[in-house]
Amino acid sequence: MLKWHATETATVTNYFAVDPASGLTDVVAAERLRSYGANRPSARPGRGAFLRFVAQLVQPLILVLIAAGMVTLFLREWVDSAVIFGVVLVNALVGFIQEGKAEAALAALVRAVAAEATVVRDGARRRLDAIHLVPGDVVVLAAGDKVPADLRLFSGKELRHAEAALTGESLPVAKHVEPLPAETPLADRHNMAYAGTFVVGGQGTGVVVATGDATETGRISALIASAPDLTTPLTRQLDVFARRLLVAILILAVLTFGVGVLRGESALDMFMAAVALAVGAIPEGLPAAMTVTLAIGVARMARRRAIIRKLSAVETLGSTTVICSDKTGTLTENAMTVREIRAGGEHFTLSGDGYAPVGGIEREGLPATVAGALKETLVASVLCNDARLAQVENQWTVIGDPTEAALLVAARKANLDEAILNSLFPRRDELPFDSARQVMATLHEVDGVCVVYVKGAVEKLLGACAGRLDRQGREVPLAGEDVQAAALRMAEAGLRVLALARSELSPTQVLEHEHLGSGLVFLGLIGMIDPPRSSAAAAVRACHAAGIRVKMITGDHPGTAVAIARQLGIADAGTCALTGQELARLDDDGLRQAAATVNVFARVEPEQKLRLVKALQADGEVVAMTGDGVNDAPALKQADIGVAMGLGGTEVAKEAAEMVLTDDNFATIEAAVEEGRGIYDNLVKFIVWTIPTNAGEGLVILAAILAGSTLPITPLQILWINMTTAILLGMMLAFEPAEQGIMQRPPRAPSAPILDRPLLLRILLVSILLLSGAFGLFELALQRGQSLAEARTIAANVFVLVETLYLFNCRSLSRPFWSIGAFANPWVWAGSGAMLLLQLAFTYVPVMNSIFQTAPIGLSDWATIGAFAVFCAAAVELEKRWRLASACRPPALSAGR
Ligand code: ATP
């Protein structure tokens, strides 16, 4: 095997039988794909299934159950011990399966944002899913790309890679193409680009030398994407709660045992009572239910085009207070049409819409003559351009940057064709557009002279221009203020403005950024419309109603930014934009103030976004920030929710983000916030539903022991209730759609406790109702002369029936359950139906009777239990209504005059 880094590039391309200019043919690539396989690391056995299963067992709450099971085994209570272990197994299995599913779903979503690569095949550049790459493919790299396979570089300009993932080197490394000594260590092989690393600057080309498992990354198993993290702030908070609860339960259980034994009860009975208390009070189903709810939420968000990369983002979305959004493509359509050109002191307008090159250029209502400054402006805009237009099924589409495509369309309206211009004036060199510098330049040979064409932001070019072209194409002195005033007029009309200029270089010079700093000749201004997205204004309104502020942070001109912000309701009449330059002059305090009050930030450099996020966070805001470029990554990482663009974003940005929008649309962020709030609600609903059962069961046992009476419910019956109701009833809350009015509430404070006082009181109310119902009806049955088994069956059914109706109460935490659409969540009905069937089996099927020590009960018993359950549900609804009424009461009245 050749050492690629030590080999001349020509030898490498010969080895792979590829012409670096035209790449492989599709036929050869297809053959190689068959023999080398897809370019992805084969799945490695991650954490073994067995270990993952065991991890389910070593949760503190489950360990208590296992201990209880062991003791019952020791005591030869075979049935009890079998059921306890059965529950432990079922619980672990449910957790194992659900967690596996959630992990797989998350990983699939992350993969769904497929990494693409630009490849030269059959002489043309095209975007390809990176898994189709084969050795010998010629790959084109640009800033922001994730390197799709191991490449031997054969050309590069200012190419810099971030290789921390592979080498641990935190600073970007500069790349070159010269061969290196064979013994050069991996981290110093600067003529190679390794799969999984990122291009953070410049551009280059390389030939694929290894794909899939053969890549350096593929060989290091540690780099294979580890399982996604399923913990979130809420699950961590619950973990802490579970640990504390466990200690409390253990103390209570020991006390129960001690008190009972001291009273002279048998140690065995008291041990079983302590076990009953422990298993009853432990909310076993909680962790699995949390994961399921979050996973279902993530799937829902994906359907609304928001891909969650980190589960914790789901919750954070619910407390987002500020959304900082890009303008172009997120708030606007990114569908550009050139409307105006200013060149040679004249003003031109363009007719026609979209990317169809139909229409013309007019001056004062008459067809314009394309000559002098106008022609040179259009020629520059075509040559300094990387986009292409294509007609697919009679539809004109764009390959590349829409801003550049619009320039091609404008030129075609003046009968200037890009293919002809490019062949007449071939490109010799280029400086690609970068959003920090806001310019792009290309070098061409025109009649034996090296001409540089530059396009970019007006402020960036104007200072470097000494003269301008007039209408005849002669160079004359430049009045910068006139150009600036014209640019401002265009921007204030909402147009995106580009300036064009040119200069000359001597044939020996290589194009560098310093050549753009002076001596340019100004050619003209081009103004294009990019209409706001129709859905964006509504989404901005929805955010405002939800107490979320929306800020526009754009690289565009302040005039354009404010005009679009006004159309969208982000800014109102009188609003001014704060520019990147002004921002740079502010100290941290000033910035904090500005960040709090200003809604439009223009000409912002990506690096400044990081300062803005920090300033907002310092004010206690929970910030969602969008980004697409390679320089946006630090801000995306710093934001509470980094949002990357799935269509137009770079791989670097996607990797840094918590959420990826598959349609790049601002409205999708708003939808995700709404879902996030709904999911959090569902988590709280589950907790509010489940805790009274555990508390009620614990209290019943405690009360029985204190009263010195027989246990109204046995440990096995408790386990039965907990397992079946958690799976068939509680989990169904995960399917609850977001409640109406969810976006009329203010964002949840991240520091707010999961359960507020009213909810804690409701939990207490239901727990006490359960205690009195189960205990009361149990005692009543005994007094009536019913058997112990019958009385216990009644108590168990009280729990199940009350919980079933209470499930409907919990569908909304604040509003009557019938007002949120009785059938909006059919799962609740299906689960309740299945639960009742199981309960009939529990009561009437002989095997169940002997396992759980239950006995058939009569219709009048069911009627009493049913009536009690209805009473409880009504009590909860009354409590909700009372709370709603007191919340709506005018302050003067509630102050109790
Ligand atoms: P946003 O940050 O909201 O997406 P934006 O797309 O306008 O805004 P940039 O892409 O950074 O931000 O563009 C900033 C400025 O750079 C534009 O106003 C324009 O003048 C100039 N510009 C944009 N695209 C190009 C390009 N392809 N070539 C040269 N200059 C460009």
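From the backbone N, Cα and C atoms, a Cβ is placed for every residue, glycine too.
Per TrEMBL, domain 'Cation-transporting P-type ATPase N-terminal' is recorded for 3-77. The annotation transmembrane segment is assigned in TrEMBL to 50-75, 81-97, 245-264, 270-299, 686-706, 718-738, 759-782, 794-814, 826-845, 857-876.
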Query = Could you count the residues of the domain 'Cation-transporting P-type ATPase N-terminal' (3-77) that DSSP puts in helix, in strand and in coil?
reply = 45 helix, 3 strand, 27 coil
Key: Winner by Cβ pairs under 8 Å against the transmembrane segment (718-738), considering only 245-264, 270-299, 686-706, 759-782, 794-814   = 270-299
Task = Considering only the recorded stretches 81-97, 245-264, 686-706, 759-782, 794-814, state which has the highest number of Cβ pairs under 8 Å to the transmembrane segment (857-876).
result = 794-814
Ask   = Taking pairs 6 or more apart in sequence, does the count of Cβ pairs under 8 Å between the transmembrane segment (270-299) and the transmembrane segment (81-97) hit 3 or more?
value = yes
Request  = State the non-local partners of the transmembrane segment (759-782) in its own chain: residues 6+ outside its ends, Cβ under 8 Å from one of its Cβ atoms.
outcome  = 684, 688, 691-693, 695-697, 699-700, 703-704, 709-710, 712-713, 788, 790-792, 794-795, 798-799, 802, 806, 813, 861, 864-865, 868, 871-872, 875-876, 879
Ask   = What average pLDDT does the predicted model assign to the domain 'Cation-transporting P-type ATPase N-terminal' (3-77)?
value = 83
